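Asks: Can you keep this structure in mind? I'll have questions shortly.
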Amino acid sequence: MNTLVKLTSRVARNWKNQISVNKNVNKNIFQVQHNIYKMLYKTPRHYFSSEPVQHEFKAETKKLLDIVAKSMYTDKEVFLRELLSNCSDALEKQRFKSMKEGTEDNTPLEIDIVVNEDKKILEIIDTGIGMSKETMISDLGTIAKSGSEQFRKDMASSESSSNAADNIIGQFGIGFYSSFIVGDRIEVISKQGTVANKWVSDGSGTFEISEVENPGFERGTKIIIHLRNDCVEFCKKQELQRIIQKYSNFITYPIAINGEQQNLVQAIWTKSKSEVTTQEYTNFWEHISKSKMDYQYRLHYSVDAPLSIKSLIYIPKTHSEQYGVSQEEMDIHLYSRKVLIKHKCREIFPNYLRFVKGVVDCEDLPLNISRENYQDSALIAKLSNVMTNRVLKELIDQAKRNPEEYLKWYKDFQFFIKEGLAMDQNNTKQLMKLARYSANYTDDLITLDDYISKSVEGQKKIYYVLSPSRDHAIQSPYLEPFRGTDIPVLIINIHIDEMIFRQIDTHADCKFVNVESDYEEVSRDLKTLVKESEKKDEGENQDIKKENQSSEILTEEEQTPFCLWAKNELSPLISKVQISNRLKDSPAIVVSNLSSGMRQMMMMMDKNNQMGMEANQNLTLEINPKHPILVKLNKVRKYDSTIANTILKQLLDNCMVQSGMQIDQAQYMVRIQKLMQSSLDSTMEKIGANEFISQNYDGSQAQRESASNNDVETEIILDEKGNPRVVEKKQN
C-alpha cells in the first residue's frame, strides 16, 4: 500500500507538470486522477501503521526528589507547614478512628517540636494514627501517593456523617519530601499498634526500613531532620515560632516547641456564630490587626454553595490613608482547611475594599502542587464576587440599622466608596446605596433615594453642583435659580463625584444633571417645574436682594454697548458677554461647556498645566443688569477706563475662582493690590475732607440746624489747588 501511495504521488506530480507545460491537456482527466491521489492521502493514518504498544513512564527517583526538594517550593520555611499539616491529618484520622470504634484513649492529640541546636537536629512528633511497615513503604516510598487523599475518598464512599474528611489537609502526597529542602538525612519512626518501624533516607533515591524496639512513645510518628549547614536557622525557637504563626497558627491541634504551646488563637471562623463570644471576636481582631483599637463592624460569614466558604471579616473604625501616611495594604489571609495559602491576598476583594481585614477559608480552592497558590482563576473570581457582595450588603444593613453610626464611619471612608463607584461597575447599585451627599434643603447627609423622595412632582432628574463646601454652594450663583423653590439640589465637593454621575448617568430612572454646565437644560426644566404661585418666601435672600440691587439698572440701550466693551476688554478669554436671566443676587457668572469638576480632572492629568488653561477658552460671561456693581461700572468706564478695566478683570477672576477655574495668580494679586491702593487713596481723600470740615465748621447750633435743614445739602469739592471745600446747595 505504501508503494501505491508513492506511485500515485509521482503520477500526480507528473500530471501537474504536464498541465503547466501544455495548456491543452484535458483538465477533467487530471481532476479525476488527482482526486484518487487526494483520497489515498485522506485515508486514516492508522490504516498504514502497526498496532500501538502501551508503555509506562519511568522516573529517576533521585532527580525527582531534587525537583521536589529544591524547585517546587518558593521558600525553605514551607517544609514546616507541610510536615505540620501531615501531623494534623494523622491526628484527625486517629480522632475519627476512636469515635468509630468507641474506644477511650488517654493519649492527648497533639504535636510537639523538639529542637537540638548543638546537633542541628529538628524533631516533629505527633500522637496521631501512626503508620505500619507496609504503609511506610507504600506512602513514604512512593512519591505523589497521598494517604490523606485516599482517606478522604474512603470517607466519601462510605457516606459517613463525620466531618473528619473536611479537616484533612493533604492531597498531593509530596509534602513529606519538602523535609529534604532543609535536611540531608531524614528519619521517620512510627508506631501503629504494638510494632514501631524506622524509615531512613538521605534523598539519594533509596530508603531503609527496620523495626525499633523502644520508640519512646505509645502511638504516633516522629520525624527527625538532620539539618543542612545552610539551614541551621530552623533550629532556633524564634524562627520556628514565626513560621508557625504565619502558616499553621490555626491548626486544630496544639503545637508546642519544647513543651510550650504556640498556637493559642483558635480558628473561630470555622465555628458557628453562636459558639463565639464577643471577647473571642475581639481577641481575634487584635491578633490579625496587631492593634488594640476597636473595630467598627464584623462579618462572620459561612456558605456551602456555590463555594464552601468560611470567613471572618472586620471593618475598622479608622484607616491610615486619612493621615496621608501610606495606602492601606490588603490584609486578607487566604486559607484552605485552616492552613495559610496566601498572606495578604489581593485577589479576594477589589482594591477599593483594601481597608477590610480578616480571613477567608475556602475548601474548594484548586491549589497548585506546592500549595502556595491556586490554579483556577475563574473560581477565584467567583470567590471574589461572593465575598465582595457580602461585605457591601453588610455595610448597607449596618447603615439601615444605625444611620448615625454609619455616617460617622462614612465620613472617614467615603473616598473608598467613591473609588468603588468609579471603578466597579458590577456593584454600582450596592455602592450607590452606601454613598452620602450634601443637599441644599438640609444640613444632613442624604442618600440618592432620600433626594428622589424630595423631588417635586414631574421631576425626573437629579440636579447637582460641585462646590468646596455646602455653605459655599448655598451662596453660589449657580444655585440662584433654585432659591425660593422646593427643587432639591445635591452638593458634591470632589470632582470624582461628577465623574461618577456622568459615568452611571441615571439612578432610579432619573438622569444626573449639572446645574453649572447644563444650564440650558436646567432652565427649560425650571420653567416646567416651578410656577410663580408655588414659590416660597425667600426669607434671607430677600434681604440680600435689597442690599445688592439698586433702583438703577442697565437700560436696554446701555446693555449692548456695555456687553461689547466688556467682551473687547476680556478677549480672548471671554468669547461672549450676555445679559443673564438666572442671576438674582450675584453681579456676574462664568458659563462653560465644561463643568468645574471636569476642569479639575484636566488639571490633575496635565503636568505642564496647559490643559487647564485651554479649558478656560471660549467662556461666556453673564451679567446681572440690576446689580449696583455693574450699574456703577458702566458709569465709571466712561470717565476712567483704567480703573474700569481693572475692576472688570477682577470681577471676571472672582467669577472664575467661584467656578473652580484656573486664573493667572500673579496678575490676580497685582490687580488686588491696585484696587486696595485705589480704595485707600479714596478713603484718605475723605479723611482729608473731614479734617477740613472740622477745622472750618464751628459747629454752632444755628449752623447745625442749617446743615440739617431738609432744603440744604452740603457737597465737598476740590478747588483749583486740590484742597477740599464745602459747598451748600439748596434742594429744589
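Using N, Cα and C of the backbone, Cβ positions are placed for all residues, glycine too.
Just lifted these from TrEMBL, have a look:
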- Glu82, Asn86, Asp126, Met131, 145-147, 171-176, Thr221, Arg371: ATP binding site (BINDING)
- 530-549: compositional bias 'Basic and acidic residues' (COMPBIAS)
- 698-711: compositional bias 'Polar residues' (COMPBIAS)
- 718-732: compositional bias 'Basic and acidic residues' (COMPBIAS)
- 530-553: region 'Disordered' (REGION)
- 698-732: region 'Disordered' (REGION)
Asks: Under a three-state reading of DSSP, tell me whether Ile174 (ATP binding site) is helix, strand or coil.
Replies: coil
Asks: DSSP three-state call for Asp126 (ATP binding site): helix, strand or coil?
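Replies: Once the DSSP labels are grouped into three classes, Asp126 (ATP binding site) ends up as strand.
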Asks: List nothing but the one residue from Glu82, Asp126 whose Cβ has the fewest other Cβ atoms within 10 Å; the candidates are the binding-site residues.
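Replies: Each of the binding-site residues Glu82, Asp126 was scored; lowest Cβ tally within 10 Å is Glu82.
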Asks: Relative to the Cβ of Phe176 (ATP binding site), which residues of the same chain, six or more apart in sequence, are found under 8 Å away?
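Replies: In sequence order, Glu82, Leu83, Asn86, Leu140 meet the Cβ cut-off.
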Asks: Around the Cβ of Ile174 (ATP binding site), how many other Cβ atoms lie within 10 Å? Please give the count over every shown protein chain.
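Replies: Looking across every protein chain shown, the total is 23.
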